[in-house]
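Heads up, the thing below is written out as structure tokens.
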């Protein structure tokens with residue numbers, strides 16, 4: 001029996017999934033987190049996720065997905081490759097990574113009785129990953145429901161937000177500063193505002209600046 | 001680029017998936033096998049699968065899925081529990097097991113360039129697992145295609161066959177005796193005709209006897 005007041009958040013400790021965590025804490029009575037450990041570029045990512053979970057007293061499932069690296073020798077999991085943003089599909093591409101993550105997340109949601117699975121995937125910053133598209137998530141939702149004869153809701157609160165709007169959402173929970181200071185987005189593994197140069201930092205910082213300017217202008 | 005003459009068979013070393021292996025060898029130029037190791041009741045199962053793959057000179061991917069046992073404490077993965085066939089959903093139920101297996105299998109198919117994934121799931125002997133249903137597999141196929149922007153074919157040659165017809169299919173490849181002698185279906189871990197008493201043995205033997213009687217009558 002799934003509890004509609006219980007949500008499981010797919011949680012990496014980055015800006016987007018931490019925003020999703022605060023979203024879940026605002027709208028659900030019970031919240032648990034799941035993090036997939038798959039040989040991330042920076043071991044720090046897992047520590048950041050664990051710390052945020054602990055600070056908020058949330059049950060945190062850390063699942064070992066190192067199997068992924070067997071399937072996908074590439075930049076996200078092999079530390080000796082360069083990150084490139086030139087190709088249409090980034091060479092950080094792990095085929096079907098979200099398919100695999102959401103398969104595990106929905107199975108875990110079944111086990112803990114959570115009706116809603118929340119993931120921070122986002123089509124607006126679409127970076128060439130087909131399994132970040134809305135159409136994929138909706139199909140995945142139907143497939144998971146059929147697989148377990150249940151009516152899960154895979155919620156994607158950031159799907160149509162750009163980075164500026166994601167910062168606005170965090171601010172609406174009073175958590176902009178917390179997320180700015182305590183999350184890790186940077187490809188170089190530098191916390192908070194990061195290296196400022198990699199594509200992830202640029203996206204994050206441009207969004208933040210745009211939001212702060214807009215907020216100031218509105219005062 | 002996926003090769004339409006290449007197939008990946010989800011392979012356990014049991015009757016059904018071994019029949020699928022011969023089906024693949026009959027209809028595809030290149031065949032590879034994938035076995036998921038997830039703390040099976042009998043370690044022998046993996047050995048049986050490896051031996052069959054080796055005897056047929058097929059590339060065999062054995063993926064460690066012990067993570068599953070973290071998600072699902074139950075009879076298939078915990079050796080101290082009884083197998084019961086009384087409940088509607090057997091207590092061997094691992095939620096979304098086929099969802100997880102097919103997620104990995106399709107990602108692996110992408111990596112090896114196989115357009116077709118073959119699985120021996122079967123609705124006729126439907127034992128209460130929602131992710132063995134045809135409607136699930138079709139939805140899974142769409143989801144995997146969307147996840148990777150590809151046009152995979154998840155083929156289920158046994159979907160509408162009963163056990164008698166599965167034996168007939170094996171016989172059509174001249175492999176009835178091979179499958180009878182070299183596969184493991186029995187819950188007690190006994191090869192070939194098995195213990196003869198568990199539900200899996202009963203199903204297998206009833207199907208075999210029905211087929212052999214029919215074949216004899218036709219002579």
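Cβ atoms here come from the backbone N, Cα and C positions, even for glycine.
For B:11, B:12, B:13, B:14, B:15, B:16, B:17, B:18, B:19, B:20, B:21, the entry in TrEMBL reads ATP binding site. Sequence-distant contacts (6 or more apart, same chain, Cβ under 8 Å) of residue B:17 (ATP binding site) comprise B:9, B:10, B:11, B:119, B:120.
Residues or ranges marked as Zn(2+) binding site by TrEMBL: B:186, B:195, B:198, B:201. Other Cβ atoms within 10 Å of the Cβ of residue B:198 (Zn(2+) binding site), summed over all protein chains shown, number 17.
Less than 8 angstroms from the CB of residue B:21 (ATP binding site) sit B:9, B:11, B:31, B:33, B:52, B:56, B:58, each of them six or more residues away in the same chain. For the binding-site residues B:186, B:195, counting C-beta atoms within 10 A of each C-beta gives the highest total at B:186.
Around residue B:13 (ATP binding site), the C-beta neighbours below 8 angstroms that are at least 6 residues distant in the chain are B:35, B:45, B:46, B:48, B:49, B:50, B:51, B:52, B:183, B:184. Residues B:186, B:195, B:198, B:201 make up the record's Zn(2+) site, and a Cβ search at 8 Å around their centroid adds B:185, B:187, B:188, B:190, B:194, B:196, B:197, B:199, B:200, B:202 from the same chain. Taking Cβ-Cβ distances under 8 Å and a sequence separation of 6 or more, the neighbours of residue B:15 (ATP binding site) in its chain are B:166, B:170, B:179, B:183, B:185, B:204.
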